[in-house]
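Asker: Okay, so Swiss-Prot annotates it like this:
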- Gln87, Gly105, Glu106, Gly107, Lys108, Thr109, Asp507: ATP binding site (BINDING)
- Cys900, Cys902, Cys911, His912: Zn(2+) binding site (BINDING)
Amino acid sequence: MLTNIAKKIFGSRNDRLLKQYRKSVARINALEEQMQALSDADLQAKTAEFKQRLADGQTLDGILPEAFAVCREASRRVLGMRHFDVQLIGGMVLHDGKIAEMRTGEGKTLVATLAVYLNALAGKGVHVVTVNDYLASRDAGIMEPLYNFLGLTVGVIISDMQPFDRQNAYAADITYGTNNEFGFDYLRDNMVTDQYDKVQRELNFAVVDEVDSILIDEARTPLIISGQADDNIQLYQIMNTVPPHLVRQETEEGEGDYWVDEKAHQVILSETGHEHAEQILTQMGLLAENDSLYSAANISLMHHLMAALRAHSLFHKDQHYVIQDGEIVIVDEFTGRLMSGRRWSEGLHQAVEAKEGVEIKRENQTLASITFQNYFRLYTKLSGMTGTADTEAFEFQSIYNLETVIIPTNRPVQRKDLNDQIFRSAEEKFEAVVKDIEECHKRGQPVLVGTTSIENSELVSRLLQKAGLPHNVLNAKEHEREALIVAQAGKVGAITVATNMAGRGTDIVLGGNLKHQTDAIRADETLSDEEKQAQIAALENGWQAEHDKVMEAGGLHIIGTERHESRRIDNQLRGRSGRQGDPGSSRFYLSFEDPLLRLFALDRAAAILNRLAPERGVAIEHNLLTRQIEGAQRKVEGRNFDMRKQVLEYDDVANEQRKVIYSQRNEILTSKDIGDLMQEIRSDAVSDLVDTYMPPDSMEEQWDIPTLENRLAAEFRLQEDIQSWLKADNAIDGQDIKERLIERIENEYAAKTELVGKQAMADFERNVMLQAIDNQWREHLAAMDYLRQGIHLRSYAQKNPKQEYKREAFTMFQDLWNGIKFHIASLLTSVQIEQNPVAAVEEQPVGNIQSIHSESPDIEELLGQSQTDLVTEAFNPDGTDFSPEALEARGQIVHRNDPCPCGSGLKYKQCHGKLA
């Protein structure tokens, strides 16, 4: 009550922000005539002027009015589009690191140019993030002429791009790409073994298009770079036969072997189910008699069994995945798009492959991972645009510290949002949907039908075919035709059936998208220039009449075939209609068989239905029902927010560890001299080993000197008689022994370094350290996954799972770091340097030299080899010998950065130059 009164008196936070921004809009508008009077050359020169002013100490905020005015005028000249006042507000919101909520059709792509241009002037790079490669390429292509006119370069990151091209794209002032590509490049950059192989610069400023889709819908899906793990493919096939023998329970307390919790998307095996499964696996010979699935030795069997149960019970064909070219391809539940190349983890993908009888590919082991939540928080400044952010404003603020500002529309919204119609059964609902479509089609009103799954879109398509209504289907299976179908969805009488419309990225123009049609004609090589001009002229003349006819028919009509779990997705579907003041309408058709009503609103809604008791085919429209459904959606949104928050809380633990590892790794990559770090690592490793067998402040009787001597010999090749030291000097203690051992190791290491050269040893140290960190980090990630999967069981012991996870993860990380240091010290001190004479090799013609990029030899393999063997195997695979002296005898000098004459493709300093 008091809050509402305060808002009426002082205005809301959003109103106050808009009032401030409008003052800046007035300053920008005051510069418009001045900018229009400039020649093209003078307007272009403004970019260099702004950069100089920034170098002289001015801030981006200080030059904002002028920069925005320049960008608007350049856009008018180059693109033929002038920014509206509300678009200027949107640009300022983005520059301030906030989220701009703008309705569909309000020109978000053009709005971004203002903030992007201003921030690109700082020279630190700007990333424009989109949801797919098509939109990244399209938006970059549209806006590149504007940025080029203003003296800025544009790059595009798309999948399958080579590293060199990626480096060039990131070096540009403005880089377009998808959230996946930006995230994966960050992970790959932290796996390189040469700093010059990195592609990204510092993460400075990002503008995220469809920010709710990327930062919320995909927040629970981590980006993972993985390699194949050793796995038994046959076990998935065997386990696939088990679920049909188990009985599904109707309720959690019912009789049966397992229960499916659809809300939590989990399968729970009952005690009876465990016993039944153990009997089946014992009969198959996978489980020993009287053995238990709970035992540590059988954890893999349990893992495979649960994956098979989830595959059979929770993941359904044409809803969660499709089969394409003999492969399981995941369907994005939020957008309906195919996610080629993505695979479910934890053996689930293999279990689904076994269920569908397609080729089973090996399970992957995580090499590096990060969530979008933690990746995008790495940017110095982050902003975003979307048509629907207000319902998730609290989450944006609490997780990303992003405030949402609702930008007013340029013209008032004319769309009519009609009441939901609710039916008893899905059959009645779809009959009503077809009837509504038929009526719209008769009067020439275009219709967009939104479904939540491929299965439902194909069902609607079959019903429309039966009714003789021509239509287009837009789902994951029709991805290639997507833009064309959406562009023409506003034509007279057009019927378009689509899975979730989130992130489609193409406006539906009433009367059809004229630009798409004219572009298609211009691209048609079978037509002459005269024919193209004639067809384009005819199109332009006929378009206005068609546009007017659609306007008279009521504009685009939206039909939702069920409510999504999130109100935001429903609003995105509605938002396709009524763009830029156009007329339009929307209505949702629901049934009590819909998942949302069945799972979250059934009891109260069913009671209301029984009281109203309509006849078959008669819809219910009641405010109480609508409120009940919205309450169910809010409940689901709250549950999903809690799940995303929980994912973040757990990932924050791994994220802090990731920062430490990546920071240390980067220091090793970029440091010219890592001698001090190596000395510290050797010292720590020896000290830790001595402390293990000679604990500080302990009695001499507690020391285990023989084992210490054995470990020193095995780990560091130190043959020391410590017992004789103790006999010779009664006053000696653990610290004295550490100092003697460290001195001995340092002397031996200095001798090795002198033998091979300081630079060669530094390169070798760097490679060993990076491989050790990567290998141990990979194993640590797997251990963290296992810890995470079972940590919830601690709650049964009255312990807080999150606190337990943090505590154990910290201990594991300490062990990881100590293990890395010990491994590095052990390996490098154990390496033996031998110098054997090497014979000359016959000189190869230049044309036969091949550049090959082979994997480095495994560290474990290096341990048992001499240095000469190592060089022969790693740098001269064919076993031939090579002599730098032989070349010098023929008067040929090989410089350090020249290709090595042995034909390995490596630089001489990285190959046989190490022996020279």
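Yeah, the Cβs are placed from backbone N, Cα and C, and that goes for glycine too.
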Asker: Around the ATP site formed by Gln87, Gly105, Glu106, Gly107, Lys108, Thr109, Asp507, list the extra residues of the same chain whose Cβ is within 8 Å of the site's Cβ centroid.
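Answerer: What remains near the Cβ centre is Met102, Thr104, Leu110, Val111.
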Asker: With every protein chain in view, what's the tally of Cβ atoms within 10 Å of the Cβ of Gly105 (ATP binding site), excluding that atom itself?
Answerer: 21
Asker: Would you please pick out, from the binding-site residues Glu106, Asp507, the one with the fewest other Cβ atoms within 10 Å of its Cβ?
Answerer: Asp507
Asker: Among Gln87, Gly105, Glu106, Gly107, Lys108, Thr109, Asp507, listed as contacts of ATP, what is the widest Cα spread in Å, to the nearest whole number?
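Answerer: Maximum Cα-Cα distance: 17 Å.
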Asker: Just to verify: the residue among Gln87, Thr109 with the fewest other Cβ atoms within 10 Å, which of the binding-site residues is it?
Answerer: Thr109
Asker: Please work out the number of neighbouring Cβ atoms within 10 Å of the Cβ of Gly107 (ATP binding site), leaving out its own Cβ.
Answerer: 19
